[in-house]
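Down below is the structure, laid out as structure tokens.
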Amino acid sequence: MAKKWVYLFTEGNTEMKNLLGGKGANLAEMTNLGLPVPQGFTITTEACTQYYEDGEKINDEIMGQIMEYIEKMEEIAGKKFGDKENPLLVSVRSGARASMPGMMDTILNLGLNEEVVEVLAAKSSNPRWAWDCYRRFIQMFSDVVMEVGKKFFEELIDRVKKEKGITEDVDLTADDLKKLAYLFREEYKVKIGKDFPDDPKTQLMEAVKAVFRSWDNPRANVYRRDNDIPYSWGTAVNVQMMVFGNLGETSGTGVAFTRNPATGEKHLMGEFLMNAQGEDVVAGVRTPRKIDQLKEVMPEAYNKFVEICGKLEDHYRDMQDMEFTIEDTKLYMLQTRNGKRTAKAALTIACDLVDEGMISEEKAVKMIDPRNLDTLLHPQFDSEALKNTEPIGKALAASPGAACGKVVFNADDAKCWHEKGEKVILVRLETSPEDIEGMKAAQGILTVRGGMTSHAAVVARGMGTCCVSGCSEISMDEDNKTFTLAGKEFHEGDWLSLDGSTGKIYDGVLPTMDATIVGEFGRIMAWADKYRRLKVRTNADTPADAKKARELGAEGIGLCRTEHMFFEGDRIDAFREMICSDTVEEREAALEKILPVQQGDFEKLYEALEGNPVTIRFLDPPLHEFVPTDEEDIKKLADAQGKTVAQIKNIINSLHEFNPMMGHRGCRLTVTYPEIARMQTKAVIRAAINVQKAHEDWNVCPEIMIPLICDEKELKFVKNIVVETADAEIAAAGSNLKYEVGTMIEIPRAALMADDIAKDAEFFCFGTNDLTQMTYGFSRDDAGKFLNAYYNTKIFENDPFTKLDQIGVGKLMETAIKLGKSVRPDMHIGICGEHGGDPSSVEFCHKIGLDYVSCSPFRVPIAKLAAAQAALANK
Ligand code: PEP
Ligand code: MG
């Protein structure tokens, strides 16, 4: 039997998201619930995948089924495509499993042509409406399907308005709109070189292809990468009977959330426009009215809508984001989905739903996107400064957070300035999907037009970027890159601060302060703690980082990169002396200076961690990162070493490596200079003894981690040095301190030889930054230069340095775990590469049985939530 590529709304349900996409599955579910849904059909996500497999063609089988379903739809509707009595008009919309703003959104009024529009105009008492629908359709089809570009049509509208001496679209008459429709058709022919298609089936197939194509446009690809959505999912296409919100003053259209998507508060929130079609609301062109006002305008439709909202929330047990249209007083539901929300709202809604008895704690933990938490962990404006500063404007608080930056006026500038290291605020009349990369690069986004559901607001909330929208007080001159607000003219490069939580705009730079885990955040984290198995440690190199990480819930330090302790102040001097020593004596003299500094830092780390495990990794820097490059520093070093500048330059030259990442670094430094490991061991052990003495109830047990091991004998050699030194220190202090020596697994050979290596390693920790670099054989520092080409050619979907390559690098990890545990079943194993804070990688770490992940302090809560979700998903 042929595969089924098309489903009527009556044939699906909400469980079929993978096949029907989110929109399609929910249209089917609402149909099943008996809600007023204009009927139609969904072409599956598999048809999209097949389209690409067939070389961007809709094959005969799929085409045949679409045609069959058009007939079924015509039967249900009692209307026919292109019919002169009773023409069928449809909307065509994309709908992937996860909603994606980068994709094609909507084509309305499809099915209209010269003949049909005349019929509509004659039959309805409203010819203006008929011609308006037609010119909109030509405009949308040309723009969205054929990519002609909106501006040509807007220019034509402006021309006709000018000729008539009017300024508002609503003042265009039926005849004006008819004239425009014909001008649009001519414009289409000029741009495309063919007549505008009049056959509704041709129009439909072109629109379907456009939806499929939009799955692969650059914006969608960027969005997918940022949101961990696989290319292989494909998008579905929904073809739905039109209902008209622009039939007159008893018609309208709107969007609404069952709870506030910015704060989570439980009240209906939304916007509508009377006598309008859907895109008027989201495009932010006309300023919509608040949903509450619908109560006065159309009480019956409003009451029905409120009832449906309640029903949908009860059914989905989550906040819903809905689109509706009222056609001549009758309400229709066009969409429902679990609404996108800010991190703050996500926590509030999850806690409220638990308190309302709607969902379990487990469901609450599952429904929060860990990546979203990021925004809550980032700074807010200092409340004192807020009290003492007058805002220069206020608009909609569209996406929370505090942002300060220099004003830029377009997405390209935002991206460009950001790449140069500038913080920018993107100020736009309104944003469109083309602006995504610029929005991502910006600290904050400010728009002149648009409501809470405008593109800017929705996308910024998704990205966790601060956004203030709809600031109509701004008088904007985009061409000349200036705007005026509160009497002040702002130019490109001027500083501006935005508070996305209040919608307030401030001149200049306001001080910020760190966020803390309290209230609902704390509640959710406590639930996450209950369900997760993986421990979450942090990568912290300084006592300050360690303290922050502890506050954010870190259960240990998984990686202290000891070389990073030398980045600050004049500490680097002693470090450079050590690197640029000629003799063991010189090196030992430099190490003597370093020892107390390191010991002091280690003491503070143990203090901050209050008896929780602390893994200290011995020196691992590619030395080139530390050698002085400017003359003044070279001179300073020469003086300190009692050498000439020329001598130092010679040493620096001799340190030059062609491939420093694979050069004289990691444990290789100890093999050549054992005195370095001796000094570090002394610092670790002395610090631990001191802190243990001061806190007898703590279990201070340092974990000494050797980097870049590739061979059993190599580890044995280094370990002997460590153990000899440590045991001597412990004996001399009369202490009974316990310590462990383990290794990073970050070279493929170490993973393959892990059984041999485990003989001397009490623990393993995967350094997946190097392991990824060395498994792929490309540089972690330079991959950015060619990764884009790899994305464009679909060789890679993601950056393997961000999202763990589970099948390749992951296979090495699984091998190492199996081999290691075969020798030492109780060894603890963790990960401390960047992947330790990436939710999908955390899930993998859970599945392969790691004991902990370690990540940067701000990602600790994210990793904890991801770990709980992994445990719940794999229960
Ligand atoms: C790693 O390689 O994954 C690691 C944690 O070490 P570093 O990033 O310091 O090389
Ligand atoms: Mg490494």
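Glycine too: its Cβ is placed from the backbone N, Cα and C atoms.
Caution: TrEMBL annotation is automatic and unverified by curators.
Feature annotation from TrEMBL assigns active site, tele-phosphohistidine intermediate to H455.
Per TrEMBL, the feature active site, proton donor maps to C832. Other Cβ atoms within 10 Å of the Cβ of C832 (active site, proton donor) number 28 in total over all chains.
Around the Cβ of T768 (substrate binding site), 29 further Cβ atoms fall within 10 Å across all displayed protein chains. For R561, R617, E746, G767, T768, N769, D770, the entry in TrEMBL reads substrate binding site.
Summarising the annotation, TrEMBL assigns Mg(2+) binding site to E746, D770. Applying an 8 A CB threshold to same-chain residues 6+ apart, the list for E746 (substrate binding site) reads P707, L708, F766, G767, T768, N769, D770, L771, M774, G833.
For the domain 'Pyruvate phosphate dikinase AMP/ATP-binding' (18-291), the mean pLDDT of the prediction comes to 92. The domain 'Pyruvate phosphate dikinase AMP/ATP-binding' annotation in TrEMBL covers 18-291 (among others).
For 302-350 (among others), the entry in TrEMBL reads domain 'Pyruvate phosphate dikinase AMP/ATP-binding'.
As annotated by TrEMBL, domain 'PEP-utilising enzyme mobile' applies to 422-503.
TrEMBL lists 520-870 with the feature domain 'PEP-utilising enzyme C-terminal'.
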Checking the binding-site residues R561, R617 for other Cβ atoms within 10 Å of each Cβ, the smallest tally belongs to R561
Rounded Cα distance, in Å, between R617 (substrate binding site) and C832 (active site, proton donor) is 11
Excluding R561, R617, E746, G767, T768, N769, D770 themselves, the substrate site's Cβ centre has within 8 Å the residues L559, D620, P707, M744, F766, L771, C832, G833
Hits among G767, T768, C832, i.e. recorded positions with CB under 6 Å from ligand 2, come out as G767
If you measure between the CA atoms of C832 (active site, proton donor) and R561 (substrate binding site) and round to the nearest Å, you get 11
Note: among binding-site residues G767, N769, D770, least Cβ-dense neighbourhood at 10 Å is N769
Across the domain 'Pyruvate phosphate dikinase AMP/ATP-binding' (302-350), DSSP labelling yields 23 helix, 17 strand, 9 coil
